[in-house]
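TrEMBL has this to say about the protein:
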ACT_SITE  Ser81  active site, schiff-base intermediate with substrate
ACT_SITE  Cys95  active site, proton donor
ACT_SITE  Ser276  active site, proton acceptor
ACT_SITE  His297  active site, proton acceptor
BINDING   Phe23, Glu80, Phe270, Glu301  substrate binding site
MOD_RES   Ser81  pyruvic acid (Ser)
Amino acid sequence: MAESEDLSSSSSNSSSREDMHFFEGVEKLLEIWFAPNPANKNADLRKIPRPMWDALLKTVRCEIISFTRNDQIDAYVLSESSMFVSKRRWILKTCGTTTPLQCFEPLLRLASEIAGYSEIEDLFYSRKNYKRPELQVSPHRGFEEEVAFLDSFFDDGRAYSLGAINRDCWHLYTLSRGGGGTNKILKRNNHIHQLHQQQQQHQHHYDDSQMIEASMQPDPDQTIEILMTELDPKVMAIFTKDECTTAKEATQKSGIHRLIPGMIIDDYLFDPCGYSMNGISKNCGKKYKEGCYMTIHITPEPEFSYVSFESNVASSDYGELIERVIRTFHPGKFIVTVFANKTSIAANASREIEHLGTIDQWKRRDIQYSRFASYDLTYAQYCKYPS
């Protein structure tokens, strides 16, 4: 997260501290998988040079603070959260009043002109409900507006809201693929559409290889998010310059470095408060060609405290990881989402979380399941009882 925003000029009629000083910790998460290009085996999003990422992120209203990489993934800590770039997977997670959907069209141009991709295989856009939605800017002023924006690009997009929409809830936009529908980018993006037409002219060269590829099982993939609110002020104090002078000190003092062993950590402590970290796995294994990561972002102010944890590290038992995370941060409430495809060892996450009715002091208040063409999704919401 970045420094908190001063809203005194726009909220002059309010005397509350929260109105005078507020930062929206809730992130907007955009994940895009580009389809392998049989005409270009060397297609790779990591070919996009740093100055072009800098320019793209300006449209989002954030900038790169720090960078680390391994053989599979480039990880960027941003002024507002994180970006991860792999061979064909791109993830952007931004908080505050950032506008990640505004970079969608520029990203597609970079993907086609530099990286060598002409089709999107899958897309996920998700976020928790905002604490103060009235402060967001277009096209993020509401989920309906975000859906309309994405629908202007796709004919096969689907929008979902899980949880109680009058309380804590979680929104998702994804593509309905695998049922015979198109997986071409349609409507507004003429540039990409023209590239696809060029590809169709040479399609007969690749039909056999594509049929073989389509019959193969997909690589295992999974993502867990834990979105926490109403956090313990004593824990949150660690992520201020009053208590820690460096990010490394905050990472060690809080125990973040112990959450997932074997991570190369790139962390940042904001002034006067706030914390972000990326972790990339030292050894992810050959199954996970796009690399394994974790990322944590912390807004510590007690009036609007928020912490997000996300990772794609595979596990057949996420219960232990969830326990470690919530014992580290002590939230009053939290949401868990787990995406897993059919070949992932996390494919049975729904059954596992169904048995996690109580975790220490936290009791599950809501659980929902959704099955998509390629992924299963589990959503659960927990509160610290007796609340």
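Every residue gets a Cβ built from N, Cα and C, even glycine.
Curation does not apply to TrEMBL; its annotations are automatic.
For the substrate site, whose annotated binding residues are Phe23, Glu80, Phe270, Glu301, the maximal Cα to Cα separation is 16 Å. Fewest other C-beta atoms within 10 Å: among the binding-site residues Phe23, Phe270, that description fits Phe270. Other C-beta atoms found within 10 angstroms of the C-beta of Ser81 (active site, schiff-base intermediate with substrate) number 28, with every protein chain shown included.
Here Ser276 (active site, proton acceptor) is compared against the recorded positions Phe23, Glu80, Ser81, and the shortest C-alpha distance is to Ser81.
Just so you know, the Cβ of His297 (active site, proton acceptor) picks up 26 other Cβ atoms within 10 Å once every protein chain is counted. The recorded positions close to Ser81 (active site, schiff-base intermediate with substrate), defined as a CA atom within 10 A of its CA, are Cys95, His297 out of Phe23, Cys95, Phe270, His297. Other C-beta atoms found within 10 angstroms of the C-beta of Glu80 (substrate binding site) number 27, with every protein chain shown included. Phe23 (substrate binding site) sits 9 Å from the residue listed as 'active site, proton donor', taking the C-alpha atoms as the reference points. Glu301 (substrate binding site): 22 other CB atoms within 10 A of its CB, across all protein chains.
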